[in-house]
Amino acid sequence: MAERERRQEQKRVNEVVDVITEKIEKITGKKGEVRKGIVDLRKTFWDDVTVNLDENDDVYETQASIKQQAELLSERERRHGQMTKELKTLFRLQETPYFGRIDFREEYEDQVEPLYIGIGSLMDSRNEDFLIYDWRAPISSMYYDYAPGPAKYSSLDGEVEGSMTLKRQFMIRDGQIKGMFDTGLTIGDSLLQAVLSGKASTHMKSIVATIQREQNQIIRNEQDRYLIVQGAAGSGKTSAALQRVAFLLYRYRKTLRSDNMLLFSPNPLFSSFISSVLPELGEENVVQTTFKDFIEERMGGELQLENPFDQTETCLTMGEGPQLKTKIAGIHFKASLAYRDLIDHWLDHLKRAGMFFRDVAFRDRIIVSGKEIEGYFYALPQDQTLLNRLEHVRDWLLRRIAIFSKHERQEDWVLEEAGLLDKSDYKNIFDKLQQEKQFSDATFDDYDREELLLRKIVMNRHLKRLRRQVKELDFVNTQKVYSEIFYQKYSVDAVPKEWGAICRATRMRFEEGDCPWEDAVPYLYMKEKIQGRKGNRDIRHLIIDEAQDYSPAQLAFLKAAFPRCQMTILGDVNQAIYAQSLGEDTMLSEHLYDPNDVQKLTLLRSYRSTKEIMNFARAIVPMGKVIEPFDRSGRLPEWIDTHNQSEKTEIILSKIDDFKQNGHETIALIGKTMKECQEVYDLLKQRTDVKLITQETYQFDKGFIIIPIYLAKGIEFDAAIIYDASASNYSHESERTLFYTACTRAMHELVLLSSGAASPFLDTVPSEHYTRTQL
Ligand SMILES: Nc1ncnc2c1ncn2[C@@H]1O[C@H](COP(=O)(O)OP(=O)(O)OP(=O)(O)O)[C@@H](O)[C@H]1O
């Protein structure tokens with residue numbers, strides 16, 4: 001490209017940067033004034049409020065005056081917040097004003113208009129023309145969707161057609177053009193090459209400059225209620241999901257806020273890994289949670305909930321045998337909709353029998369026994385729902401508690417405690433009696449009444465918790481009602497033949513106050529059907545990453561919990577790691593949705609790993625052929641046979657040195673289980689600087705880490721070593737996806753260690769896709 005052109009572009013960059021700098025100065029000045037205004041307003045808040053509480057009219061006037069002041073304050077605070085946000089974007093634009101340019105000539109127009117695209121919009125100093133278009137603006141979509149030639153975009157007034165005469169990419173840092181490419185169909189392979197060849201980071205980066213056409217479809221999809229994305233490892237699912245959040249926040253900026261969106265991430269480490277993408281795009285982070293935390297919060301701490309990682313760890317370390325078979329059969333069945341049907345039948349049965357109730361007791365005295373509650377409950381008309389009947393029971397129990405309280409407050413201990421009440425309680429009672437105009441002179445009656453009120457206060461305080469529990473329908477013993485399912489025999493086909501053993505194991509866990517992970521959603525489903533629970537209406541968009549790990553039952557639960565929600569559901573069937581999803585339907589299965597509401601998109605191109613690593617990894621999984629590695633070269637994966645542990649340790653240490661010398665900064669030794677990771681950590685920690693990643697790790701730094709596969713989900717490293725790729729460690733078909741997930745974490749280098757026979761999963765990998773070293 002001619003140097004002259006580059007100089008011209010740099011000149012424009014300089015001019016735009018000048019406008020940005022000017023705006024920064026202006027807004028900073030204004031922001032200072034607004035800030036001062038807020039401080040002054042806070043200081044003098046009450047000065048401008050007329051407080052007069054004598055008459056009703058005065059009270060209203062006072063209220064109106066406070067409201068007016070508060071509104072003024074919050075309006076200024078809002079403006080201040082907006083300015084802060086605007087400044088943040090401007091500072092980013094000052095460094096990198098834009099990353100793309102398209103020249104577009106609208107149909108029937110003579111003039112070609114150059115459009116520059118960046119992370120935010122910028123108008124010229126007269127506020128007339130756009131110097132930069134936000135990448136999310138409708139017109140910017142052409143940058144991602146078209147090569148030079150005919151192009152169109154949808155505007156508010158309809159489709160605009162025309163032709164694109166130029167598509168140019170820039171790499172601008174600190175206001176200086178470092179690179180400039182005119183591109184063809186896909187967005188500059190050269191720029192993508194440059195981005196992908198860089199170092200892995202401990203935080204994910206935004207991809208706005210290089211979004212690919214198929215990713216853009218995901219990002220800008222608006223019409224579908226459920227958008228399912230099946231994408232190969234490293235195909236940019238998470239990246240697309242996050243840019244999609246930014247797009248939706250922009251597109252619906254008048255009605256949608258970041259706290260209306262909820263992202264389910266696979267683990268806390270992943271949450272921190274992706275936490276900087278949205279702020280980098282000038283948006284606030286959305287609320288993030290893990291499915292386990294979400295369930296635990298809804299359960300309310302009544303049972304000790306098993307962690308899904310512990311469930312996986314148990315399955316992986318249990319060893320062959322009937323116990324494992326029972327466990328897996330139980331997990332599969334409880335994740336299915338057939339089990340949900342069974343629970344529905346159970347709920348139906350509960351209308352006639354089978355409900356268990358806790359005693360409603362004060363200290364160790366029973367006010368109403370569980371048996372008595374049962375009698376009352378089943379005496380109510382059967383055509384009422386369980387919830388209706390429980391509401392009747394609740395009201396009846398509250399009345400019984402009131403009667404109990406009336407009797408109990410006569411007891412001496414109540415008066416004794418009344419003597420210990422606070423001065424303010426006495427004062428309140430005095431005021432109350434005054435108001436009732438009963439406390440004239442010190443008459444006998446007034447003292448009696450005062451004592452009565454004091455006794456009432458004492459009793460109400462003691463009964464407060466009990467009343468709350470009754471109001472929340474906590475008198476239903478849902479754990480026992482659920483456990484009872486496991487005393488039944490079912491002649492339904494879907495019930496696995498291991499049912500007897502599943503029942504014994506489940507009963508035992510519930511008796512100990514534990515809730516196995518596979519029971520969490522079914523139990524909560526039943527509990528909420530009995531006790532009722534409203535869906536969350538604040539959350540309007542759910543983003544579910546690693547959706548292959550969610551079962552149909554979990555999907556059904558989320559649909560009910562978020563009834564108004566749109567969902568973006570992203571995953572990869574080849575990376576299913578939990579027992580419940582292997583070979584079963586998952587949240588990615590289209591047929592679980594109403595066909596009118598769902599759209600499924602597929603991403604086949606994989607960007608994370610070098611071509612060599614992806615060619616190796618895709619040969620491990622069936623249908624891996626369809627995955628298209630991005631054309632970026634590196635070393636072939638290396639498979640090293642070792643004879644014993646000490647040899648293995650030495651190899652690891654020398655590989656770490658080698659990686660570091662190659663400039664790699666994030667290096668992971670990936671184990672199958674936490675147990676394996678802990679063992680190798682104990683061996684290595686004396687010899688090198690290494691960190692073990694556990695379920696409690698919320699962040700990782702550059703350097704060498706040891707991590708089990710299930711915690712490395714969604715994360716990437718410059719170089720990865722698969723600690724034990726021997727047949728003794730990976731041979732079950734069910735572990736194939738786990739093995740594939742591990743291999744696809746590596747961006748630039750992959751090493752596999754094995755001793756003895758190697759994993760049969762390597763049998764399907766052609767020998768030209770790796771180098772093999774036998775020590
Ligand atoms: N269009 C793109 N431009 C630049 N980098 C990209 C692009 N798409 C993906 N990448 C990069 O590829 C890597 C993988 O992306 P991401 O983690 O989003 O993939 P994924 O499909 O969620 O992977 P996995 O299923 O393995 O977790 C990241 O480093 C991301 O920045």
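Any Cβ shown, glycine's included, is placed from N, Cα and C.
Predicted automatically and left uncurated, TrEMBL annotations should be read as such.
Annotated features, as they stand in TrEMBL:
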type: BINDING; residues: Gly231, Ala232, Ala233, Gly234, Ser235, Gly236, Lys237, Thr238; note: ATP binding site
type: DOMAIN; residues: 210-610; note: domain 'UvrD-like helicase ATP-binding'
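Of all the Cβ atoms in the protein chains shown, 27 others lie within 10 Å of the Cβ of Gly234 (ATP binding site).
Surrounding the centroid of the Cβ atoms of Gly231, Ala232, Ala233, Gly234, Ser235, Gly236, Lys237, Thr238, where the record places ATP, the chain contributes additional residues within 8 Å, namely Ser239, Asp572, Leu603, Ser606, Tyr607, Arg608. Counting every protein chain shown, 25 other Cβ atoms lie within 10 Å of the Cβ of Lys237 (ATP binding site). Counting only same-chain residues six or more apart in sequence, the Cβ atoms lying under 8 angstroms from the Cβ of Thr238 (ATP binding site) belong to Met204, Ile274, Asp545, Leu570, Gly714. Cβ neighbours within 10 Å of Ser235 (ATP binding site), excluding its own Cβ and spanning all shown chains: 26. Taking every protein chain shown into account, Ala232, Ala233 are the binding-site residues, and of these the Cβ with the most other Cβ atoms within 10 Å belongs to Ala232. Per-residue confidence over the domain 'UvrD-like helicase ATP-binding' (210-610) averages 90 (mean pLDDT, predicted model). In the three-state DSSP reading, Gly234 (ATP binding site) counts as coil.
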